[in-house]
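Look at Swiss-Prot and you will find Gly159, Asn160, Val161, Gly162, Thr163, Gly164, Lys165, Thr166 tagged as ATP binding site. Residues or ranges marked as compositional bias 'Basic and acidic residues' by Swiss-Prot: 130-148. The annotation region 'Disordered' is assigned in Swiss-Prot to 108-155.
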Amino acid sequence: MAAYASRWRTDCLLRLVFKKTRLSKQVCCEVCKASRGCSTTSTGHTSTSAPWPVYGRLVTHYDSLVHFGSLRKDPQQRTALLQLEELTRVLTDYTNIPILLPQPKDCLQNQPTSELQDKVGSRETVNICRPDENVSNEKEDQQEESSKPHPPQGYYIYGNVGTGKTMLMDLFYSFVENRRKKRVHFNGFMLDVHRRIHKLKQSLPKRRIGKMTMYDPIFPVAMEIAEETCLICFDEFQVVDIADAMILKQLFEGLFKCGVVVVATSNRPPEELYKNGLQRAAFVPFIGVLKEYCRIVSLDTGIDFRTREMKPAGRLYYISSEPDAENAVNALFEELAFRQNDVTRPRVLNVQGREVTLSRTCGTIADCSFQELCEQPLGAGDYLEIARCFDTVIIRNVPYLQLGMKDQARRFTTLIDNFYDQKVRVVMLADAPLDRLLDQGQMTGEEARDRLMLDELGLTDEASKRITLFTADEEIFAFQRTVSRLAEMQTEQYWISGDRSQS
């Protein structure tokens, strides 16, 4: 009877807490289960532990793939997996809900977004600034922080192109038995963050003279994401946009403090993120935050495993100067379209209220030109929508990509990154072989004008190298990854994995 009364009091207390904090129903249910000694697993069962031993399964599976020839043995990959395997064990019973529960009394910024929106809806004055004069409240918050459970450290895995980072991420993510996990491409994640920020700002009352208050939506957005997931896996963590660079520290500090575990892969070590970027000094503190909450693992094996001998899927890359190259691509489109239950027609995709027109499609096949995809003002969100609608995309008239074509080169790199991540099959008709598609030679007219401007400003060569606007370091670095990925996308294994007709 005493045990029953204790459980009843616990449930009443939790209901009172959630009435005040207004966390989501999903979060409330998970905390109630946790209070009864249960843990939620990805299979939907509730038990005191995972239904099978997790430790040992990940590396054993990797060893079996090596044994049967699916993967090539690599000591650095195995060492990284040993570390990730321990994290899979910890994450099985991990939840960040207890970290989200304590609410500071003096700072609306740390309240869930739903309560913030309720206050906005009632036209109450919103003030998220901590009172500087209330030192005692700050001490109380520090005590609350120290009493919170500490989340496990995440991982930041970096290395050259083709060293197996994405493969390790695939293995790790598939073996994590926690249904509150999420895997996203970094570009797509940041697009979603900016959408959330915009939506939150739009929900605020109009500013009036004399009633203006400072408001920063980044932390509420971080809390909103933390309510949805306790593990985020990022593939291709890269920072090239100043709008992203300026909010990363605050965003990720919020995620980490809300108990979100981050596992990321990147081609760059943390110190080289946003290298030569505009206003990089404001970005540098993020590197310290990343190192505090994530273990850094190098995977520089010096081997591009994507270029190893793999059975090709047939001819998928054509050079426009070759005889009958265009006819061959036309024939391939007709062959693929014949299997579709559709007619060849233009198609208009709606992306965030904008229209993206593709002139020639048939079912899940899109026949596009480089001009359609990379010379229009398109971004990662547009390419993700194309990847969602089509499993095979033909890209025609891909030119020599000169260093002066920064916008086109960046869009092309983003396009291939998103297609690769979504297993979209690509057929290309280009002006140059794949390994020579990026022309790093002759200076273009745009670059010549930039150089003249630098001379007129009296900037030294050393100073000019630090100005990302006039350099192509990021484009060259990113394009190496693009070439490696396109090489893998021409293999039979990739082509079969991208076929959605069987799904």
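Glycine too: its Cβ is placed from the backbone N, Cα and C atoms.
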Around the Cβ of Asn160 (ATP binding site), the count of other Cβ atoms that are within 10 Å: 16
Those binding-site residues listed as Thr163, Thr166, and which of them has the most Cβ atoms within 10 Å of its own Cβ: Thr163
Val161 (ATP binding site), number of other Cβ atoms within 10 Å: 20
Secondary structure of Asn160 (ATP binding site) (DSSP, helix/strand/coil): coil
